[in-house]
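Let me begin by presenting the structure, written as structure tokens, before commenting on it.
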Amino acid sequence: MTLRNALNMKLKWKFWVSRFKMKNRNYFCYSNRVLGKDFNNQNQDVDFETAIEMTGTSGRILSIETLCLTNLLQKGYGRFHYFLLVVCGFVSTSEEMDVVSMSFILPSAQCDLKLNTYTKGWLNSIIFIGMMSGAYIWGSVADSLGRKKVLILISVMTGICILASGFSQSYSLFMFFRFLNGAALGGSGPVIWSYFAEFQPKKKRGSMLSFMAAFWTLGNLFVAGLAWIVIPSGIGYESPDFKLNSWRIYLLICSLPSFLVAMLLCFLPESPKFLLSRGEHDKAIEVFRHIYVMNTGSDASSYPVRTLEVAKKAIELKFNEEYASKNSCSGMLGDVMRNGKQLFTSPILKFTVISIVINFSFHIGYYGLMMWFPELFNRFNEYSQAHPGQPATICGVTEYVVNSGVNSENSATCSEKIAGSVFLESLITVAAAIPSNIFAVLGIDRLGRKFFLVFSTFTSGMCAIGLYFVHSSTTNLVVSAVFSSAISCGNAALDCLITEVFPTNLRATGVAVSMIAARLGGIIGNIVIATLLDLYCPAPTFIIAFLLIGGGLLCLFLPNTTRAPLA
């Protein structure tokens, strides 16, 4: 490169930098008004949202170009938030694995546990009954004692219960440990969503919550792929008194993520939003400093925030006698009762009721159909082997399997062998949710939570109706995959909306109550399908379609939380 070319490039660079400065002068003046005129002044007094954003901003701004990159690229994000996403995402992955794993076990365990369609429905539902019983308690305890402690305890309990169910040798004992597993899992959903949301800047919260929802799909993929590898392999040990066959080994492997996330959670701090709601201002500032150091690599002392505006009243009030008793058992129980009462008192009552109805109707469809897809694939496979090339509807296939199939009541034998194609079709159905999750991550902060939820419930409702009209295993797979894709997208939007609509001091409890409704929907969905699929086949798909579409439209009555600060 010649000297002349070098000088020309330098002049062009100065020209474009000067133009950039002039074009963005107003923006930077606005940034200085919001974040404080002097970043080297260590006594900034800001609100919670600004404090979160400043955890990704170096306290010593060297130039206007540096300030530009800081505001446009970092905006309160860095290594800490991505580590938080991974850990919280794996908590969701672990939860989904525990719930959905049963759907892959049913075809293989039907001989071992002597199952019919009715008992399969209850086996699918028992974990939701446990989740209902545990959700409210765990949510209220998390609003009283903290998110992190509760999440670690839940993860350890979940892992132990899955291990115990894998070693259970009878249907009743297996059901018992699945119930306890559900009771532990009941708090995982509401607490992890509250915990994760309370670290997010408002402009990124929707996309990052959608990103975390995508970990549910990862859990579905992992559990389906693992089932495909382990269950048909026939590995295991059997004796007259004890069985450890392939589907039990599959369960034992599914317990490992619970113990892993319990260890990872130990490296994360408590939610600063929760700490502020309890009046613990100094601890909240320490959490912000920890995030700041991890995001920027700077020294903690250079974090420019010293006082948070939202905490002033809490500082003035200090610790009264009521707060001093929070760590006692009676104080915690009092919190549980007070939180429940506030949820059902105006103005929160409207949000609570709508959240309950939406979650109930949505999860009747989500769990009601998704957990039965492997069973339906297995029934189509069994029918096609007996009637190669002959078309049949789901109802026709079900009638054959129930009355004349290998494992029907009229059959003298029982086969545990499941074709590998059943697990492959399940894997394809789950993988179909990946594009819709990416779409949700990219668009939920632009198009809004309500758009995605209404679009999802309408599309998945139409797919539920379409299942009644399929005539082959291929069309059944296509419609099931579209259903999985559409409803997964809506699941992300629903989780965002419900998490954001409740105030901080009631968030975990409010989400927990909504999750109770979701689990009730899962129970009813599974039992209704198990009962009506064999007795009156057309009913389940049309009932699910009506509930999905109607429930989705109710979200229009909730406030718009897109890019709004958390209450």
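From the backbone N, Cα and C atoms, a Cβ is placed for every residue, glycine too.
Unlike curated records, TrEMBL annotations are generated automatically.
What TrEMBL says about this protein:
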type	residues	note
DOMAIN	82-563	domain 'Major facilitator superfamily (MFS) profile'
TRANSMEM	82-106	transmembrane segment
TRANSMEM	121-138	transmembrane segment
TRANSMEM	150-167	transmembrane segment
TRANSMEM	173-196	transmembrane segment
TRANSMEM	208-229	transmembrane segment
TRANSMEM	249-268	transmembrane segment
TRANSMEM	348-369	transmembrane segment
TRANSMEM	418-444	transmembrane segment
TRANSMEM	451-471	transmembrane segment
TRANSMEM	477-498	transmembrane segment
TRANSMEM	510-533	transmembrane segment
TRANSMEM	539-558	transmembrane segment
Comparing 121-138, 249-268, 418-444, 477-498 for Cβ pairs under 8 Å with the transmembrane segment (150-167), the winner is 249-268
Beyond a gap of at least 6 residues from its ends, the CB atoms lying under 8 Å from the transmembrane segment (82-106) belong to 115, 120, 123-124, 127, 151, 155, 158, 162, 178, 181, 185, 188-189, 192, 195-196, 199, 208, 211-216, 218-220, 222-224, 227, 231, 247, 250-251, 254, 257-258, 260-261, 264-265, 267-268, 294, 367, 370-375, 423, 426
Averaging the pLDDT values of the domain 'Major facilitator superfamily (MFS) profile' (82-563) gives 81
Worksheet item: Do the transmembrane segment (173-196) and the transmembrane segment (510-533) come close, with at least three CB pairs under 8 A (pairs 6 or more apart in sequence)?
Response: yes
- prompt: Are the transmembrane segment (539-558) and the transmembrane segment (121-138) close, by which I mean at least 3 Cβ pairs under 8 Å that are 6+ residues apart in sequence?
  reply: no
Outside the transmembrane segment (348-369), at least 6 residues beyond either end, the same-chain residues with a Cβ under 8 Å of its Cβ set are 99, 124, 128, 342, 453, 457, 460-461, 464, 467, 480, 483, 487, 490-491, 494, 498, 501-503, 506, 510, 513-522, 524-526, 528-529, 540, 543-545, 547-548, 550-552, 554-555, 557-559
For the transmembrane segment (510-533), out of 121-138, 208-229, 477-498, most C-beta pairs under 8 A are with 121-138
Outside the transmembrane segment (121-138), at least 6 residues beyond either end, the same-chain residues with a Cβ under 8 Å of its Cβ set are 98-99, 102-103, 106, 113, 115, 150, 154, 171, 174-175, 178-191, 336, 340, 367, 371-372, 509, 512-513, 515-516, 519-520, 522-523, 526-527, 529-531
